[in-house]
Structure formats: C-alpha cells, structure tokens
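In what follows, a structure is listed as structure tokens, so that the remarks can point back to it.
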C-alpha cells in the first residue's frame, strides 16, 4: 500500500515537471519526444506523463487519464486511477471513419469492435503504414475539429510530420480561440436541432483526446444519450469520459479536489456568473443545470418540445435544478408550467482579485417549488424561461392602473414636446386591455394611432404573444400633421360602421337607382310648368317601382280614380303578388287602399284572399292596419266577418296595441255587434281596466256607441262603482265625458249613470274644477246636463246674494276657482251657459274681484290670460 502511494506521488511529481517543461518548451521537437516516450511504453513514457491542474478542469468523479490508455489496461496500470487532465500527445487520427462517424455520419456512435486499447507495436505499425496516406485526411479532420487537441506537449495529431501544426501558437491560445468560436456557434443556433449542434461542438473541442471513450459507449447509442453523457463528462473533467467502475476511485483524490470551485468552461461569457450547486435546497442558486435525457431516437422524428420522444412513451419528466418537476408533453403544458419556474435569486460574485461584488437585484422566485437534486450539471447555463414567456393576464384593477399610468406618461410626453419640439421622447407600447365590443369600437374610432386609423402602423409588428396589441404611438408632430386628414377620414369611416344607428341612417340616405321613366315623372312633378301626359299604361313594367316611390305612388292614386278598368287591371296584375309587401310600405299602402276604393270586385276579392291567414300580422303593422280598415269599409259583410274572426283569439292584444285597436274599432263600426259576440265576451271583467287604458278607452266608447242596450248595460254596470276614479283618470275621464254627452232619449241605464255622475260632480265641484282631468268632466256636466242638473252644479259656486258677491272672501268657491289655472275655464263656461239671476251674480262677483286686484296693485293674477279673458267677458255682459 505504501509502495503504491509512493509510486503515485512520484508519478504526480513527474506529471507536474512534464507540464512545466511543456509550457517552457512548446516546440514540436519536444512534443514529438514526449509522444515517442508514450508510444514506446517505457520509463520515459511514464516520466513524460503529467497532470496540469487548473481550477476550471477539476472534477469530483473518478476518471481515467486518456493518455494512460496507451500504456495498458485499467487493471494493470497503477497510474490509471489518477484523475488529471492529460498533457501528453493525442493519439493519431484513424482513417477508419466508422470509428468516429459511424454509418450515419454521426461521430458520436462508436462500435465496440474498435475499442481495443492500442499497444506500442500496433501503434508504430499503424503510424508507419498510414502516415503518408492519411496526411490530407488528418488535415481536414484537424480543421473540422477546430485545430485543438487535449495534449499540451505535442502536435494536434501524431502523423510524423513536424510541420503539420502551426507551432507558433501555444495551447492556451488555441484553446481560447476554439472556445470563442464554439461559443459564438452555440449562441447563434436557433434551430430545433440545436442540441445536436451543441454536442457536435463539444465533441470537436475534445475529440481524440482519449480512446477510453470507446470502451464506454455501446454500439449505435442514440445521439441524445451521447449528448448528455458528453455534457456531463466534459463539465467535470474537461475530457470525454464515462466511468465504467466506481470501485477504482481514490478517496484521497476526491477529498483533495472537493474544495476546487466548479466552473463552466464552455460558455466563456457565463463562466464568472454561473456556479453550479448540488444542494437541492439552494433556492438562490445561480447556475441552472439540465438533467440527463432519457434514451430515445435521435432522428428528430418528433417535435422539439417533446425532446425527440414519441408521445406516451415516458411517465416521469426530467428533473431540473431549481425548477418544478413537470412533464414536457405539449407546448401548452410546457408554457403553462414554465410560467411558474424558479428565477435565480441575488448572489454575490467574486472578481479576479478575490473581492466580492454585488450583482444586480433580481426577483428570487415566481413560485417556490421543490427542486430535485442536481445529478448531472449541464456544461452551459440553461436560459431563463421567463425571458421567452408571455406575461400573465392582468386583473381588472391592474388593467385600470396600467391604463392610468399610460395616460399619465402620454400627457407628460405631450407636455415635454410642447416645451421642446426638437427632442424625441419614446413612448412604450401600451398594454392591451380586453374590453367589451362597444368600448373597443369607441376606442378604435377615437384613437388615431390604432392600426385601423393610422397608416404608419403598416410596417409595425405587434407582440405575437399578446392579443389585440397596440403598436407604439407615434409622437412626431410632423407625422401627426401630415396624417391628420387620413385619420379624420378613417375615423368617420369607422364611425359609420360601428353603430347600428349610423348604419340605419346610412341605409336611409342610400341613393336608389331609379328608372328613367320614374326620373321623368319626378322631374315633371317638381316642375309646375311642365305638362306631363303620362298615364297608367305608360308605366307598364314599372308599377312596383312606382308604388314604392313617393311621387310614383301619388301618380297611381290619382290615376286610379279616373282611369279605365283595363288600365287598372294591367297595374293590378303587376302588383297583386306583392300586395302583402306593399300593404306595409310607407307609400305602397295608399295604392292598395285605392284599389279597395276604386277597384273591381274581382280585384277586391283577390286582395281579401291574400289577407286571409295574415290578419293578425297585418293588423299589428303601422301601415297595413290602415289597409285593413279601408278593406272593412268596402268589402262585403261576409268577407268582413271572415277576416275579423281571425282575431277572435287575440282581442285583448289587439285592443292594447297602438295599431290593432284601430282595426277593432273599425270592426265594431262596420259589423253589427251581434255578429261579433266574441269581442264583448273577451272584455268581461276588463271594462274598468280597459277604460283607464290609452287605447282601450277608445274601444269602450265604440262599444257604448254601437252596442246594443244589453251590451251597454253590461258595460255601465261594471263602471258605476268606479265613477269617482274614472272622473279623475287621464283616460277614464273620456269614457265619463261620452256618457255625459248622451241625451235623455237613450236607454234608462245610461240616464241613471249620467245622473249619478252629475251628483258626484256637484258635491266636489271645486276640487274637480281644480283637477287637470276632472275639470273636463265638470265642463261637460255644465254643457250637456239638463236645466236641473246645471242648476245643481251652479248652486255650489254662486254667492248667496248681491252683497255677498261684492264682498267675497278669498276662500270662497268663486274666488278659489278664478285663481286656479284649470278652474277658471269652468268659470268661463258658467258665464256663457248661466242665465238670469245666476249669471248676474257671477258677473258681479268677477268684477268685484278684478277691482280689488287693481286697487291692491297686486301683480299676482292681473296679467294672466284667463283673468283677462274673464274681464273681457264680464265687461260686455249685461246685468
């Protein structure tokens, strides 16, 4: 054991001396001598071998020295267990391309048959027979692999030619150049197969440094597996390796190398920044390492986000240091889980002088997932995924706050531009906010920098990860002034297309293409001096167009009253199929009405046949209901009943409709009420309700007017309990007025209800006279009441005698009614209607009140039109 340790120490010293001599004598002769000693396998070879240790090339794993592979097997060599970077000469390049490149051209694939270690004899034999033949090939591979060898002491490839290498450059200069070139190549790659490109570069930098790799790789191993192994091995030892046994490691060497810091040697730009950490609990670790990838196909037959694996072939996703454990199964799953990744926290770095300097502050994490242990550090830092992820959606308060901040920034920049117009102030892109459709439309109309309103945005590209992103606002005054006209025009255009009201106005303002014949008629109608001899036969083929035109419709209406039947028939045959459409046309409905008035019986029957089955629809339309009313006037009674019967199941709906109530009224007027029993039966229990309805009160009046005595009695029996309410109702007062207008020769029930109304009015004459709607009932009571009924009402208003009339109190009924804006009309009716002593007392009371107003110089009611009218009435009245 002690002998082995002494031998190890001697070999270590020999390695250091060899490295120093190689650095001081970097000529090719020394390199060849060193290489010769290695090849011969003697003592000189063992003395020539050495390790040049650097902090960036240390390792914590067991590895075999590459050059020792030439000395013998791992079992026979005591020096084989040392882990140091080889400084010997690299082995010669093999002309058998399959050893390095395989059948597919991938030099990661090695064959197990070519992994036997080389002896000195076989090496010399190989060198003797293949040096001259492979000189050109070695030069090509030398250029392909970046002109770099892991050997410090010798040439890039031992091919027997002293001038094969450019001996003027040392190891570190070559190594640095290859690192820079490789780093640039890695950073410039943006293809999905960048993993293969990175593995190729690493292999170029360190290939042929050791033949021990051939003992560790199996035949036809997939490129992804090789790539991970290459990355893992090159980071830890600086050479390509895979440990085949853990029993041969030296515990003392592991403890000796444990304190060396681990550096990233492949990405020069990131070496002072990222330091890998094997502690899974280190949340603020700076270096992020990728794990070992699973075995899978290397032919890139699967999408890059699946790491080249077919779907549903793996169950557990890879572990990332300081990243959550997730499956990379689909882009959406990948993106959604990468949003919550861990961001490296703040960390102090150490400069070249050994002093710590503070790094820029960064958020430590987005979430706090548990990070798995780092089993295989990647040779270069994994990029921050948050740099490529779209921002998460903002909440409503955050969106409002962002909008307010954006508006404040725009206002400040506009103010700065006003102060100094020669300075350009860039404006950040505003954050798009989802909003309702109407609000978007409003924003689009009023935002001149919206893509729809600004032609300068044609060359601008929005963020593809953001929906409805808005380009940067152009704050140049010159550009704003030059594009103002276009923006205004576009704003008007978007305004017309964004509001339904604007669209309807635009449709109304559209210019219809009229026929020359219609244009001629319109021109002749506007010119009063023109004498147009056009008749119905002249518009043959244009009847429908004329019916829908204002001037054309008037022309047809005028001609139908005087034209012969033949010409009417020609026009009717053109429009008969469009009778339903024309009935609801603003101008065409008058033509259909004229055909009911002046048309033949056959023409009327044809129109009635088209109306059958459409009565409900036509009765509810604004213009068609007028056609139905005209038809009920001119068609036969049987046809009227047949048409109205279609409305039997919708009488209440028709009565409450602003158009349908006119059809019901016309039906009651033109059809005997006994033929329409369904109308009154539908209104049973709804009489008072309909009497207070704006349209129903009209139908109730028509029923009282044209109904039979039994019908009138049934209606009045429902109304007599609601007389005080109907008198003061804005629609019910019309029903009461109709009852008051009926004379005494009507049926007994009507006379009794009228007397009841007069008594109710007389008992509340002052209150009803001052009421806006009830005052109308009081006036009708005075006008249409009998002499006894009139005297009953007047007795509640007139003063007792002449002295009382000259000295009326302010709270007397006469004075209260004169002052009121509604009741003074009742007083005017009393002056015109009253006779004899009653009229004399009324005139005296009015004059006394007017004299009192003049003496008191009161301006309260002096100049009211009603008071002046009263003064004019009593001035000429004879007392």
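Every residue gets a Cβ built from N, Cα and C, even glycine.
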Record-annotated phosphoserine (source Swiss-Prot) among candidates 73, 120, 207
207
Which residue among 56, 74, 210 does Swiss-Prot mark as phosphoserine?
210
For the record in Swiss-Prot, which of the ranges 222-256, 257-291, 292-326 is the region 'Disordered' one?
222-256
Looking at phosphothreonine as annotated by Swiss-Prot, pick the matching residue from 83, 760.
83
Is the repeat 'Pumilio 3' (610-645) packed against any residues at least 6 beyond its ends, judged by a Cβ distance under 8 Å, and which are they?
576, 579-580, 583-586, 589, 592-593, 596-597, 604, 654, 657, 659-660, 662-663, 666-667, 670-671, 675-676, 678
Per-residue pLDDT averaged over the repeat 'Pumilio 7' (760-795), given as an integer
93
